[in-house]
Amino acid sequence: MLKITNYKNKIIFLSVIWILLLIAVSIWSVFTGQYPLTIKGLLDGDKMMLMVFFRLRLPRVIMGIIGGFGLSIAGYVYQLVFKNPLASPDIAGVSSGASAGAAFAIVAVSASAPFISICAFAGGLIALSITLLTAYAVPGKNKYTIILTGIAIHSVAQTILMFLKLAADPEKQLASIEYWIMGSLNGISIDSIAIPFFITFIGFFIILLLYRQILILSINEDEAASLGVNVTIFRFIILITATLIVSSIICVTGLISFIGLIAPHIARLLTGRNDRFTYISSGFAGTIIMTLSDIFARSLSSSELPVSIFTSVIGAPLLIILLIKSNKKEDL
Amino acid sequence: MPDLIVPTLDISDVSVYYGHKCAVKNVSFNAHSGHIYAIIGNNGCGKTSLMKAVMNLTGHNGICRLNGKTLEKMSVKKRARLISYIPQKTGINISMTVREVCLLGFNPHLRIFESYSSNMRQQVDKAIDSVGLAGLYNTDFLTLSEGQKQLCILARTLIEDTPLLLLDEPDSALDFANRHMLMKHITHISRNNKCVIMCIHSPELALEYSDVIFLMKNGKIISDIDVHTADITEINEKMSFLYSNINVVECADANGRLHKTVLSL
């Protein structure tokens, strides 16, 4: 088996692999679906094919790339900042806040996609704001304060969600809520991509620029302060950035589980480090898992299945294989 | 006669409270550059709390000044340019190379988005060489032995290049040989006009490597020993405030150099 000892060569090798895989799954995704697309038809200017390509397939592929990338880099940051290999966006109550927001939109107003997205985004932000404000108001705060406050807010949001489910019309509204919670890239339009794209793009660069501070935050608080990092301020900025990325994505796609947890581990097992390249690799791993999951979600059954089923089905075995192959002890 | 030397560190009336419990009671002392100060005492006597107060990591009463500047009024970053800290055991538990760990020592000197220069990388490699870890630049920090880890953190401290070094039981996870190697490096650093203050459990190491020993009990500094001028009787008498039946003796090594060491408790 090919073994690369020089880290620079490893970076080049993995970068090429990531780009080739991304191109391959994107092309596969574009040509997957109920309406068959052909290269010839697209080049010949077939109106129906062009419409399906530009209105349905392309937005879906782009959202898969943005969603997978954003959820993974956010998960990567959460795991570092909370020094917890199991940390994910749920830790600050964001996912459950967004679910409650989406359910509110479906039950109280209408099930129109843009309105659900707005309410889900607002729900996620409200949950995050309450978590952070409460955590920072608590005297003697530390990293556990945010986690514990997040658990409390998560429970409250879950309770609200439960009430909304009880109030929902079981025929239609309840199914819509459940379907939203299971996550899907179905019905993504080019307009709905703009916000997640810009937030993920800007968030990615903020995290990249603050990467040194994030690494220092992954050490204990006293050591971080002795290295000149204001733990409270930087932790706040970094968590807000990562959480905004997650909120902007899940408000469009619904909840997509496991990617934010698993992709960072896959990237770490491949590079054996926690540097900037591993951070970017984590995004690529997430993008590929997400796009593959979406391909299977719409091709394995006559009706479309939730993406989250496949993110777990693809991600979990991949992680286990890498864990078995990795002969190095990895703490995080 | 007034003391004409401006002290490097001036700790004035520092007290630390955890709720109603007083961990450090009105501690005051001065420390000068070029010297090593050891704070010894039993577990829970307030050594670590005092260190944290100096670094402003815990709420406290009193004032700490370094070269005449009040540490409490400084920003975290400004304080980090003046004080470096070696904990009992570093909190690094993610895979990073030895070079990456040491490069973090430049953080207090860098602007928020500034990245490391090639000159910084060269300085880091030199620091790694100087603590005896040459060739391990790209080794995963987590795969190092405990002794090597502490030496790597010491190399990071060299990069920080601060006038004050605080060490909280830096030897606690080390074996006999590594303990002495670390202390020799610390002695070498202090000669470079640095003020070193270390909390330490072992009176032997304190007697061998420090210039002044502060004896701490129940949150107070109850006495101090000038290791170079105090005679054996005085040392035994003062040490007995902390350890009953301690027996410090003076003996010569193979080169005829005199050392003070603890024979028995």
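Yeah, the Cβs are placed from backbone N, Cα and C, and that goes for glycine too.
Automatic, uncurated: that is what TrEMBL annotation is.
Marked as transmembrane segment by TrEMBL: A:12-37 (among others).
Cβ atoms under 8 Å from those of the transmembrane segment (A:58-79) belong to residues 22, 26, 29-30, 85-89, 91, 185-186, 188-190, 192-193, 196-197, 199-200, 203-204, 207, 214, 238-239, 241-243, 245-246, 248-250, 252-253, 256, 259-261, 263-264, 267, 278-279, 282-291, 294, 332 of the same chain, restricted to positions at least 6 beyond its ends. Per TrEMBL, the feature transmembrane segment maps to A:58-79 (among others).
TrEMBL lists A:91-111 (among others) with the feature transmembrane segment.
Away from its own ends, the transmembrane segment (A:118-138) comes close to residues 92-102, 104-105, 109, 145-146, 149-150, 152-154, 157, 180, 195, 232, 236, 239-240, 243-244, 246-248, 250-251, 254 of its chain (Cβ-Cβ under 8 Å, at least six residues beyond either end). Per TrEMBL, the feature transmembrane segment maps to A:118-138 (among others).
The transmembrane segment annotation in TrEMBL covers A:144-167 (among others).
Annotation comment: TrEMBL describes A:188-211 (among others) as transmembrane segment. Beyond its flanks by at least six residues, the transmembrane segment (A:188-211) meets 54-55, 58-60, 62-63, 66-67, 69-70, 73-74, 77, 113-114, 117, 121, 234, 237-238, 241-242, 244-245, 248-249, 251-253, 276, 279, 283 of its own chain at Cβ-Cβ distances under 8 Å.
What TrEMBL lists as transmembrane segment is A:231-264 (among others).
Residues annotated as transmembrane segment in TrEMBL: A:276-293 (among others). Under 8 Å from some Cβ of the transmembrane segment (A:276-293) lie the Cβ atoms of residues 11, 14, 18, 21-22, 25-26, 28-29, 61, 64-65, 67-73, 75-76, 204, 207-208, 211, 256, 259-260, 262-264, 266-268, 270, 307-311, 313-315, 318, all in the same chain and six or more residues away from its ends.
The transmembrane segment annotation in TrEMBL covers A:305-324 (among others).
Against the transmembrane segment (A:231-264), stretch A:305-324 has more CB pairs under 8 A than any other of A:12-37, A:91-111, A:144-167, A:305-324.
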